[in-house]
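Below is one structure, written out as structure tokens; the observations come after it.
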Amino acid sequence: DIEEDEEGEKNADQIASEIEQNDQLMDDTPLAEKLRMEALREMPQNLTVKRTVKVKLTNTISRKSKHRPISCWKISKYQIGILLSRLHLAMRDVFSSWELWYSSMKEIEGHFGSGVAAYFKFLRWLFFMNLFVCIVSMCFVVVPNIVQRRADVQNRSSSLTELLSSVPDQMHRPVQDMDVDFNSTDKPAPTYFKMGNFLTGEGYFTNSSLYYGYYTSLSRVKERVPNNYSIPKAYFITALLSYFFTFFIISVGMAGSYRKSFIETSGGIKNIYAHKVFCGWDFSIASERAAKLKADSLARELKDLMEEDARAVLRQSDWCHEFYVKCVRLAITGLFLALSAGTGYLIYALLTHSFLAKLNSQAGHVIEIVLDEETTVSTAGESIAISFVTTSILILLPMLFSFLVRYEEYHRPRMSLYVTMVRTFLLELIVVAVLVVFWLRREDSELCWETSLGQEVYRLIMTDLLLAVLGMTLA
């Protein structure tokens, strides 16, 4: 043992002397310290020798630093850097405790693995992005437009009052005898609010700030403002900045994910089972529940890895079986295309029927005004029916896709998940495309196509929420 200690000490002295000859590694800077740690980590020596070398290098650098005192600028820079680093760690700890749905994400990760949890984290990230866009739009577009319209109403009322007051008494008529609407703002008269408007998005909400058709190219806040606030320019700039901000955040996130997933693992992950077993545990866990969730997560990941390896081993090279699998995949893909085309045609036909019903309803409203008879038929039921049919299709067809993908015999389970997600995304894209194309072709009709499109999207969101709540309640 004594001979081994002496030999280890000699090796440590030799290694330390060789490192001390490198001026870049012996600088008293954080970068040089990091380089020294990496050099020691890569050495094929035991931990005792590495610790001895580290102590010797630290003593040498401390002796040199006494002869070369650090300047005040470097001291202040290091102190500010340490302070910012500690502040960053403290803020990260604080915000991690306030993280939305943190416990739910951990439960999902424990029961279904980190891949499924990453999908829900992505949805949470989309929620925050949409929340940011909503706040910016409310501050710079919606609120100024509401202020502008109230100012227009007051200005028109005061102007009309001044005009009537300037008329001679012999020509004056009572205001109530005149067919004048003081609250007219070049928009249809507001309708009374009904509880059903929350579900349909029509009625009271039709001519409100909720939809694009409410805004005009003449919307300006003029009263007591030196420079006119242009609503169209505000809308354009707000949308442009929101898109740029979203693009920047997505680009940064994709760059980080690409670096972790492809660049750092370009040579392949070796000894992945040993890595999961010996390096997968989180030693900062302090509760029994968190430890159980982490153990379940590791067990799930190991099970998925073993299942993928087992499928790769059992994969047959028989050309007949491969031909059968390819035929099954081709048939299921054809079924997916047929169902998607049928869904698009069904939605287009339902929209056409609802559009004609709305035109008849408007014609009946004109007859009601002229003849003073109630002939208007409500189209809210048809609109809600379209939304329920569309939402039901978007819920049931992905379940069918996830069932059929089992017969396609993909080599890895995650590949089956990716195929199902792509098919679901394409189905939703077809539905949205049908809605946009339908209302774009009705641009010249009496109905505002932007408002009608917004109402369709609003109803889809509300019906999806209602069906989700109903499903969770029944489950």
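The backbone N, Cα and C atoms fix where each Cβ goes, and this holds for glycine too.
TrEMBL: automatically predicted annotations, no manual curation.
Lifted from TrEMBL, the feature list:
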- 1-20: region 'Disordered' (REGION)
- 125-147: transmembrane segment (TRANSMEM)
- 234-255: transmembrane segment (TRANSMEM)
- 330-351: transmembrane segment (TRANSMEM)
- 384-405: transmembrane segment (TRANSMEM)
- 417-437: transmembrane segment (TRANSMEM)
Leading contact stretch, 125-147, 234-255, 417-437 vs the transmembrane segment (330-351) - CB distance under 8 Å: 417-437
Of 125-147, 234-255, 417-437, whichever stretch has the most CB pairs under 8 A to the transmembrane segment (384-405): 417-437
Outside the transmembrane segment (417-437), six or more residues from its ends: residues with CB under 8 Å to it: 115, 336, 339-340, 343-344, 347-348, 351, 390, 393-394, 397-398, 401-402, 405, 408, 410, 453, 456-457
